[in-house]
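Okay, structure first, notes after.
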Amino acid sequence: MRTVIFRSIAPYLTSLMVLFSVFVLLRGHNEPGGGFIGGLIAASALAIYGIACGVAPVRRAIYFHPMAIAAFGLFMAAMAGVLSVFAGVPYMSGLWIYPQIFGAEVALSSVLVFDVGVYLVVVGAISSIALALEERDRD
Amino acid sequence: MSAAAPGATFIVLMLPFLAAVVAPWLTRRLGHNAAWLLALAPLAIFIHFLGFAAEVADGGIVTGGFQWVPSYNVSFSWLIDGLSLTFAILISGIGTLIILYSGGYLKGHAQLGRFFSFMLLFMGAMLGVVISDSFLMLFVYWELTSITSFLLIGFDHTREASRRAAVQALVVTGGGGLALLAGLLVIWNITGVTQLSLLLNYGDELRASPFYLLALFLVLGGAFSKSAQFPLHFWLPNAMEAPTPVSAYLHSATMVKAGVYLLMRLNPVLGETVWWETILPVFGGATLIVGTLLAIRQTDLKLMLAYTTVSSLGLLVMLTGFGSEHAVAAAVLYLVAHSLFKGGLFMVAGLIDHEAGTRDVTRLGGLRKAMPVTFFAAIAAAISMAGLPPFFGFLAKEEIYYALWATDIWSLAFVAVAVIGNGLMFVIGFAVAIKPFLGPAVKTPKAAHEGPVLLWLGPLTLSLAALAAALVSPLTHRFISSPMASAVAGAPEEVTISLIPHMGPALILSIVTVIFGIIAYRMLDRLRAGMASLLAAIGWGPDRGFDQFVSGLVRLSVSLTRILQPGRLDIYMTVTFLMIAAALIGPMAWYGEWPAVPVWPDDVQFHELVVIAIGVIGLLAVLYARDRLIAIVSLGVQGFAVALIFMLFGAPDLSFTQFMVETLAVVILALVMTRLKLHASDHRPTLQKLFDMSVSLACGIGFTLYLIAVTQQPFNTALSEFFAAYSKVVAHGTNVVNVILVDFRGTDTLGEIAVVMVAGLAILALIRIRTPRARVADNDPDGIAVADQTAEAR
């Protein structure tokens, strides 16, 4: 699998896929996409990088342990629901704010935070499995 | 008075728990003298509950509390009447003395703070049991007493015997607690009330219910296990592995009486039936006799007392269920008397052990000069236990005979049981209180001398209390006995017995008991030898039975695990797919709801046919693939075809996800397959292949039929319309699928991603296991034990 062409292209492909996954995540509320699909794309991106260049560079690149990323995502998703406590509405009610950033109105919501949490859980869990499986060669 | 304020009672109920929190800290600061400060907590509780005495004596019932889970009609509420008040006073009063005693007994022990903490926790739990009005609260506190008892029995956790005793007590009493919960739920379902105070009005309804027996047996399961009734008595003597303050407090004065409390509490509603008045006296009487006979056998002071505690509990159960007018009064008097003298005697036993270094009655003697105060306390307690005047035990015993005496066979049998039981308890009482003190001085492991005030204060106070309670019996009856007897009987009742003996059958029976006791005392050594050889001849007891039960359970679970988890992946897969096929086809065959043969639609486009053809080609490629890797990739082709179909029929999100899942599935499956080091090609025998093929065909056909059946049902559009209408308006999103996932059904998604996370962790753990394959394959606990040893050796 570790052909020169694959190894040369893999980093660019991975970067593009991760970028695309974030795009898919963010557009998810109105267009096809969302945290789950975005997470799957990012996980496959990391899997490709791992197959092409080995697991160690991937682990270095994502810095945190993939399971830690997943756990943080789960925590984030749960906390997104807790936010509604401060608004005095039931758990998991969507909350929206529309701040002006550089003159453009940006819709931010607890729902978005939740979706990012879903994204991180999927990326973390899937890539941790994939990376652990790819590590076979080393031992 | 202010004690009636609900807030104060709530604080008092929480006070032991607060004291338990600060106990370790205080003990680090003050050492064993922390006992003086910690004893203030139970003392405050004692005083608080004394404040209710006047109101309760006049027939008042104090209830209070607040809503806990209103939707289930569960409240945190308490009920203070004669029964619970007497228990609360005993628990807090004896508790005060026990905390002080613990300070002296475990002076200098490294874990003294922890011990105080456990004791106070138990005290809070036990108070909760007797004060609870709501069923659920009663159950929670009930199990909490089992748990704290477990902690205290296992306090000396480095010894195997105490660990075993702790687990045994927890299994028996905790299991009984579960039966109690079920019983309370049944009662709740019959009557519709969740509070003991309201239950009193539903006695007739309960007794007439077809589920009365079920409720009765379940409640008795709880009460008999907690109060150590034969044949569940074995855990109580084993619980003597605990330090002596625990034995004195939990396993004689309070916790083991929880079962009796429950029976007394439910007597007005469950009692007065043939079942109640047969089961309770028979089991109670059997426990009484078995307990005293086993007590005769023992030479350890604590074990002698433990077995007489078993028999006293039997006597209490017998009286509670006897049903005659005076039996309730007798039970009440005996309960109070027993708490006073047995708590005191246990503390004396601990004191002797502490000062002389042994509890073996055959190695003790002549301590009266060295320990005069202890001797006095012991004699006083033993006189009360023997039922001699002028102590409270005398009143109790007179009332017992008065209650039991009648000339029919049934009553005479129980009179005989009571005389034998009381006579043998007379023997044990004096064997504990006299043997170590009188006679020639015997050399003991430690040079005995009088213990510190912390140690003798408790037994002395209890003995004097038993004396005082008898001397001012009209006062005792007014504030303690009569209100409690009224609560147990469910109707006003007056206890009048006093120290002045009346000529009659009761007095004659008392004299018979004393004569029998004196004769038996003189023959004690011979009786002991006789019992020892008898028990050796029987050879089996419930204690051994418990071990056999536990090891049988372990063996059962091992063999069951071997069947359910053989460790072969192909068996798991086959079973899973067979179940899927059965679940899909079974109901359709059972109800004859086969779907109609679908009609081929007219408007099938060419490109749709092409996509279907790609899927079929993928499947054929799987079947004809030369090695596994090609098969996996071919399966991916079929998956992509399905994703395309989703796309064509307007589900972009689904299609998108399907593409990603298929891709990742192929990658991960390929990685797993290379890791498993399997043969590249399939080499199953033909028969196996045929079988696997049938299973997969059954699954496939099942799914196909199921989907056809589902799509032939009329489609309910209510949900799609709702989401289409509100997705944008309420949740500010136009992608309905995503809005459902993250907003409308966000909590579902949270659960799902938690599952993804946990599954990831589990898979990671599986991949990381670095053990030889042989042991993973068969779940042999011995193999793991061997591996652990080798790991330690390394």
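We number each residue from 1, going along the chain as drawn.
From the backbone N, Cα and C atoms, a Cβ is placed for every residue, glycine too.
Over in TrEMBL, the protein carries these features:
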| type | residues | note |
| --- | --- | --- |
| DOMAIN | A:5-127 | domain 'Na+/H+ antiporter MnhB subunit-related protein' |
| TRANSMEM | A:12-29 | transmembrane segment |
| TRANSMEM | A:35-56 | transmembrane segment |
| TRANSMEM | A:68-91 | transmembrane segment |
| TRANSMEM | A:111-133 | transmembrane segment |
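Across the domain 'Na+/H+ antiporter MnhB subunit-related protein' (A:5-127), DSSP assigns 89 helix, 8 strand, 26 coil. Between the transmembrane segment (A:111-133) and the stretches A:12-29, A:35-56, A:68-91, it is A:68-91 that has the most C-beta pairs under 8 angstroms.
Away from its own ends, the transmembrane segment (A:12-29) comes close to residues 35, 37-39, 41-42, 44-46, 48-49, 111-112, 115-116, 119 of its chain (Cβ-Cβ under 8 Å, at least six residues beyond either end). For the domain 'Na+/H+ antiporter MnhB subunit-related protein' (A:5-127), the model's pLDDT averages out at 88.
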